[in-house]
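J.: Next up is a structure, given as structure tokens.
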Amino acid sequence: MLGPGSNRRRPTQGERGPGSPGEPMEKYQVLYQLNPGALGVNLVVEEMETKVKHVIKQVECMDDHYASQALEELMPLLKLRHAHISVYQELFITWNGEISSLYLCLVMEFNELSFQEVIEDKRKAKKIIDSEWMQNVLGQVLDALEYLHHLDIIHRNLKPSNIILISSDHCKLQDLSSNVLMTDKAKWNIRAEEDPFRKSWMAPEALNFSFSQKSDIWSLGCIILDMTSCSFMDGTEAMHLRKSLRQSPGSLKAVLKTMEEKQIPDVETFRNLLPLMLQIDPSDRITIKDVVHITFLRGSFKSSCVSLTLHRQMVPASITDMLLEGNVASILEVMQKFSGWPEVQLRAMKRLLKMPADQLGLPWPPELVEVVVTTMELHDRVLDVQLCACSLLLHLLGQALVHHPEAKAPCNQAITSTLLSALQSHPEEEPLLVMVYSLLAITTTQESESLSEELQNAGLLEHILEHLNSSLESRDVCASGLGLLWALLLDGIIVNKAPLEKVPDLISQVLATYPADGEMAEASCGVFWLLSLLGCIKEQQFEQVVALLLQSIRLCQDRALLVNNAYRGLASLVKVSELAAFKVVVQEEGGSGLSLIKETYQLHRDDPEVVENVGMLLVHLASYEEILPELVSSSMKALLQEIKERFTSSLVSDSSAFSKPGLPPGGSPQLGCTTSGGLE
């Protein structure tokens, strides 16, 4: 990412947002240029490898600082997941050497049609927009905007051309903007002179570069007004009307009266709605929830956007209970027929949670999982639905692992995307966070490397570290967070190692908070081992990590998994650092690591895996000549000889302890091989 600076210069390699190696623009072929937007040039491009069309908005930046600020503010938008929001597909900064200009590039979904084309076509034909179609797509827009406002995200650039049509009955909000870009006064003033139509959708306060959720409400009100009046008002008249409303809202009354005279469908709803949306003072405007209430509860609007059916009349509990008395198949049928009623979904899932394992169709009943995931998607903002659905998925997974340990949990993009959306919709809900982390940890360990990469690209590593740091007082968050972190690291494919530099210090804080917690120590040792293999522990952190690993072994020597991972981590660090080796053998308050090795061997002497990892640590310690006398005086030579005599199989002599199971072993010294200054 670009660093701060005030002078124009060509960015060096790596100073950009996510993108492919090399110059990001090189993978696109420019087809043609659209009308320029308020902030820059819009290019229709084709990705050369896939032949997929995109729109790239190129925003010229005066300096690196401006570009990096805008990029940093826009990056979180890449993680949005909603059926009616078209998120940016890529963000990057590029340099145009021909004109010596720096550009922030925003790659978006390409579509031929938007609300703008629909309005213009009806305006030319002087025809009314179909009421059923308008209710449907307006419901989708309201749902998307409610989702954004729920996350405290402001669109800032709502207008008909930024609501694209994916199909005749499916629309998406597009081109979300940032505060940095939308408060560039010079750029806005230039564009306003070129095209006064563009600023006509903006709220009065937005003209002074003050944006809030209420400014989105004004813009949406202008869009609804244009859609309802396009059959009798031309484009210039409509633009002047929008501008006049900023000073004299009374001009709206005449238009509403004309709408009534022209018998515009749903005019009564719009007469109630639009004056409340188009108040000059933003504090007097209604919220997006109020808009939904007026149109879909008090009004008679209907939409395929089922989340709006939260406002429907509830199904009596007695009827629901009667319908849910059958087997799994009949319960799923009820869930599908009443998909828009969250109370029905809750009762159905609670009924499924009580059913015995033999009735659930284990190991993983695909149809049941699909229905539960769909329910989570449809009711993503209903916390009780999310909690119950995750509980049911964990219940199914737990039962499956008990009765069918060889079974793999189904995991596809729909499932992971839904789980991530749940985290995003309810960022402060700890019980949900813990369950989602647990589900993702289990599925990640059973899936391919691509899933781990997908989750990392979605920002899950940073999410885990943020919550480990902010939720130290929550044991469940720490335990589930460490478990998921281990699962993400297990494949050894790390998209960005930089965030992992914080992990040793975070784990140190976790272990200090829970000094006698064996489960926490076990999870921590697993993460330390994988970090050591990945080279993600800095040299200045070696002593701290070695001390924590030894401390964990002393705490829970009876936990074989903890002991194995701790000795693997120690061996990995000692292999590359004499400082780490000295930390193992030095005498400290709890005793030396060498005495601990003896204790571990005696306790687990019949466990080949533990003995192998202990022996591997001894081999690496023996590679340092200055440590040899201490090893000999501590009878380590005799211990190593005993290990070699008792375990002559290849299990002990190979180096598989330093690889993920199933992957080829690394080049670690084999037990029994002569190393520099070894015990041989």
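Every residue gets a Cβ built from N, Cα and C, even glycine.
Annotations for this protein, taken from Swiss-Prot, read as follows:
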type    : residues                                                             : note
REGION  : 1-25                                                                 : region 'Disordered'
DOMAIN  : 28-297                                                               : domain 'Protein kinase'
BINDING : LEU34, ASN35, PRO36, GLY37, ALA38, LEU39, GLY40, VAL41, ASN42, LYS57 : ATP binding site
REGION  : 658-680                                                              : region 'Disordered'
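In terms of burial and nearby residues, how do these features look in this structure?
T.: If you take every residue in the domain 'Protein kinase' (28-297) and average the pLDDT, you get 89.
In the three-state DSSP scheme, ASN42 (ATP binding site) is classed as strand.
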J.: Using all protein chains in view, find how many other C-beta atoms are within 10 Å of the C-beta of GLY40 (ATP binding site).
T.: 20
J.: With every protein chain in view, what's the tally of Cβ atoms within 10 Å of the Cβ of ASN42 (ATP binding site), excluding that atom itself?
T.: 19
J.: What count of other C-beta atoms do you get within 10 angstroms of the C-beta of LEU34 (ATP binding site), across all chains shown?
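T.: Other Cβ atoms found within 10 Å: 13.
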J.: Count the other Cβ atoms sitting within 10 Å of the Cβ of PRO36 (ATP binding site), across every protein chain shown.
T.: 15
J.: How would DSSP class LEU34 (ATP binding site) in three states?
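T.: For LEU34 (ATP binding site) - judged by DSSP and reduced to three states - the answer is coil.
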